[in-house]
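Trainee: I'd like to ask you about the structure that follows.
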Amino acid sequence: MPEPSISDLSFTSFVTNDDNLFEETFNFYTKLGFHATRSYVKDNRSDFELTGISTDSIKEIWLESFPLSEVVEASGGRELRKPLQESVGYESEALLGYSPYQSGGVVIKLRLSNHDLEKNNDLPGEVTFFTASIDKLKAKLIEIGAEIIPSKIDLVEFSTRDPMGDVISFSSYPSLNSKKITSPDFFLHPKKEVRSEESIVEQVKSEEGKKKIAIITSGGDAPGMNAAVRAVTRAGIFYGCKVYACYEGYTGLVKGGDMLKELQWQDVRGLLSIGGTIIGTARCKEFRERWGRLQACYNMVSNGIDALVVCGGDGSLTGADLFRKEWPELIKELLGEDKITKEQYETHRNLTIVGLVGSIDNDMCGTDSTIGAYSSLERIIELVDYIDATAASHSRAFVVEVMGRHCGWLGLMSGIATGADYIFIPERPPSESNWKDDLKKVCLRHREKGRRKTTVIVAEGAIDDQLNPITSEEVKDVLVEIGLDTRITRLGHVQRGGAPCAFDRFLATVQGVDAVRAVLESTPAIPSPVISILENKIVRQPLVESVAQTKTVSAAIEAKDFDKALQLRDQEFATSYENFLSVSKYDDGSYLVPESSRLNIAIIHVGAPTSALNPATRVATLNSLAKGHRVFAIRNGFAGLIRHGAVRELNWIDVEDWHNTGGSEIGTNRSLPSDDMGTVAYYFQQYKFDGLIIIGGFEAFTALYELDAARAQYPIFNIPMCCLPATVSNNVPGTEYSLGSDTCLNTLSGYCDAVKQSASASRRRTFVVEVQGGYSGYLASYAGLITGALAVYTPENPINLQTVQEDIELLTRTYEEDDGKNRSGKIFIHNEKASKVYTTDLIAAIIGEAGKGRFESRTAVPGHVQQGKSPSSIDRVNACRLAIKCCNFIEDANFQVKHNANLSADERHLRFFYDDGVKTSAVSGKSSVIDDNTSVVIGIQGSEVTFTPVKQLWENETHHKWRKGKNVHWEQLNIVSDLLSGRLSIRTT
């Protein structure tokens, strides 16, 4: 049967004014396998029948060659066509004909016209059709006496003429860019397609010509390295490469043999939750010598490897780049010594190097984060939280020493996240002459305010401004001098241990996949790249430049140019240091603003509880108190304000230990101000609020919009108001990150690790894990990526029967390949709102039924456990960053009003004035108070902090029914997850 035109026409018309020729042509095409789907006669018509009919037609017959799609065997040996949506490779109706396993069909319109027609026999009409049975079609044409015209075009087999004289050509190529198809089984039975001997030979040749990549983990180990090994291995296999593990770092390259081993898909299963690196790491002295690199070159060429993905610190990456520079000389030397053949020399004369930065210190320039850094930070805050309990019990001081010989990132971030009193980091060394006195003042002041514990963080590379080391013992002695019972805790290599946190699993995975792409896209002219993350985007930076800039930091410190050293760190480092000072040191009264500029700032929690509400409230309070502002907590949400006027002023001692406290200390619920807007306005006026920070999820976003919309009726709402998104669902428009979502992901990763362990122990059990998120698939997509789920179901990607069938096929295949081995636990991630039909229980039941004893299924619903207990390090650090930004926003907006000499006292209070009868904002000077951009949602877009007017978000970027933003910024996570689980391979094959 002829199939769709490779000329990309949706239909073609053949016209005649001869009734007999019209019938003859109709019979010709029906003999070729076309079917009549519509007929029209002018004398018998209705308005409906005129749709698509030419005005000059007396008769029309529409002939169609139906799309070829998969068939299945039914009872009695009959074959039934599968629904197109369930066929192999189906994408959508819009893409029909572009999928390799479906064709779009074609329509021929035969028209009998009432006009005189002149046929140009020298330039006849011509169209080309695809057929998967070219020989059968040719035989059929000969049988009916049609003319066979040899073709002069490569893609066209032959042509013929229909009774109207139009040239009809036939091809075995579905499109101009596709491969030749000579069997209908390609469409009807995709799994039964018969492979020719030529295709088998081609495959063998392609096996020999596959790119071979080696993955190395070198230098100090870091949590997340195993995730990188898994990602590089599976992405390499997916893209048609062979991937080798180089064991024990560069030692494996030098020694070769069994220390260079090819990795298969199943070799890297279950690695996401394992800390360290299973392929080992070591510092190799031999590789530092030229003879060692020569031997490494020989071992690589002998195995056909000419690409290296190196995961390590700046030393490991420097060695890799040197190896690439020397490679042409090394391989030429091997050829001269007859250790390799001329063919090997020509094939592998260029080496490709791609770097992944694995370092807990986060000391590499050109990237916002390195693999392992946040896991190490997570370990530090977990241990310091434990220390806090005993320190408070005994009213002790603890000096905690953390890693960071040349970089103070761990020291700075752990200081913020643990509520430390003081930190020592190399980029901001204290004065040699007075650091001891300064330390005493800060710690004594905090004690006088009622604090029972003292925490001082010391980076192992801490120095004073004269480059003298500051040791933990020295710090202890200073604290003992002021009468504090002091202990020293050196965390040491505990910081490297344990399972990687959610962010490091994500980072190592997406960077590992991009590393393989970088290898395949590399040319000898492209400098060796290092895969980095900047502004929340995966980018490639020149390896040499990144390493050189990193070494510049150490040089700047040695030259006592500490400002330059600080600038060379990532863009948030200096800001974070200032944030730490604002909540720990600036409470000494040195940063008080004039009384006329002091504000009353209200904070309210709205929506479901998350683990980061308290840390954000703590920072906003401490930062504001340090400047002389008053901070009021609205207790129990808007319901508490409306019913009881529940407002409480917060003091320093009230919030100082909220840095590691989950839930909400001031209470939260889903009530909205619209429940009684007048009462809300009354209490705002009573307490003379100058600004409002609403911390919460979609309800907080809605509350801000309602307050903004009520400004025309209640002038008190003209105060600057800011919504700080805090929800596990991460569904607030205007931001790519919400406080609490990282804690939730860490909780989910631990939960799923435990579930997978149970599944692995049972050998033949699969768990379907239901996660929260509402109609936002962010949580499910992210969790699926970091837990290695076989399949992820989200509201953004509707589930159908074909999807479930593919996933069960993948599950069955995976069980067959695992053969009951360890680390073979399998999970599916299902968003709670992914489908009304394909629920978590139904998916589990379908899996269990499909298993037929080979495997079984269970459901696992973590429920509100996902909210987490203690906030994660990322949530604590970002709570500090965003809360201070909110305070600054409120201060700036008030400054413009309170210091405007042209406004009267009443106009300053109302925050608007009338200009020639037009109501005008005192903040923006615009003619509409509602549009003065002082009701905003703070968000993180990439790495940039943004303030977006709530009205703009509500009207343009919000799905109100689904309670989320329109921007699905996490879609790429699903693609990477499907690639590494094998799901994408099922769909492409």
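Our numbering is plain: 1 for the first residue shown, then up by one each step along the chain.
Every residue, even glycine, has its Cβ placed from backbone N, Cα and C.
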Trainee: Record says SER359, ILE360, ASP361, MET403, GLY404, ARG405, HIS493, VAL494, GLN495, ARG496 bind beta-D-fructose 6-phosphate 1. Source is Swiss-Prot. Which of GLU326, GLU460, GLU535 does it list for that same site?
Mentor: GLU460
Trainee: If I go by Swiss-Prot, which of GLY220, GLY224, GLY408, GLY411 binds ATP at the same site as ARG283, CYS284, GLY313, ASP314, GLY315, SER316?
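Mentor: Of the residues offered, the record points to GLY220.
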Trainee: Near the region 'Interdomain linker' (586-599), which same-chain residues lie under 8 Å Cβ to Cβ, leaving out any that are not at least 6 residues past its ends?
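Mentor: Sequence-distant neighbours of the region 'Interdomain linker' (586-599): 441-442, 445, 449, 622, 624-630, 652, 690-691, 890-891, 894-895, 898-899.
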Trainee: Compare the Cα of GLY315 (ATP binding site) against each of the binding-site residues SER359, VAL728, GLN772 and report the nearest.
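Mentor: For GLY315 (ATP binding site), the closest Cα among SER359, VAL728, GLN772 is found at SER359.
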Trainee: Going by DSSP, is VAL494 (beta-D-fructose 6-phosphate 1 binding site) sitting in a helix, a strand, or coil?
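Mentor: Once the DSSP labels are grouped into three classes, VAL494 (beta-D-fructose 6-phosphate 1 binding site) ends up as helix.
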Trainee: Determine how many residues of the region 'Interdomain linker' (586-599) DSSP places in helix, in strand and in coil.
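Mentor: When I sort the residues of the region 'Interdomain linker' (586-599) into the three classes, I find 6 helix, 0 strand, 8 coil.
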Trainee: Among the binding-site residues listed here, ARG283, HIS864, ARG963, whose Cβ has the fewest other Cβ atoms inside 10 Å?
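Mentor: Selected from the binding-site residues ARG283, HIS864, ARG963 on minimum Cβ neighbours within 10 Å: HIS864.
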Trainee: Along the region 'Interdomain linker' (586-599), what average pLDDT does this model show?
Mentor: 92
Trainee: Including all protein chains displayed, how many Cβ atoms other than that of ASN730 (beta-D-fructose 2,6-bisphosphate 1 binding site) lie within 10 Å of its Cβ?
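Mentor: 28, counting other Cβ atoms within 10 Å of ASN730 (beta-D-fructose 2,6-bisphosphate 1 binding site).
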Trainee: Excluding GLY220, ARG283, CYS284, GLY313, ASP314, GLY315, SER316, please set out which residues of the same chain place their CB within 8 Å of the center of the CB atoms of the ATP site, keeping sequence order.
Mentor: SER218, GLY219, GLY249, GLY312, GLY319
Trainee: Once the chains shown are all counted, how many other Cβ atoms turn up within 10 Å of the Cβ of GLY315 (ATP binding site)?
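Mentor: Step by step: centre on the Cβ of GLY315 (ATP binding site), count other Cβ atoms within 10 Å, giving 15.
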Trainee: Count the other Cβ atoms sitting within 10 Å of the Cβ of GLY313 (ATP binding site), across every protein chain shown.
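Mentor: Counting Cβ neighbours of GLY313 (ATP binding site) within 10 Å gives 23.
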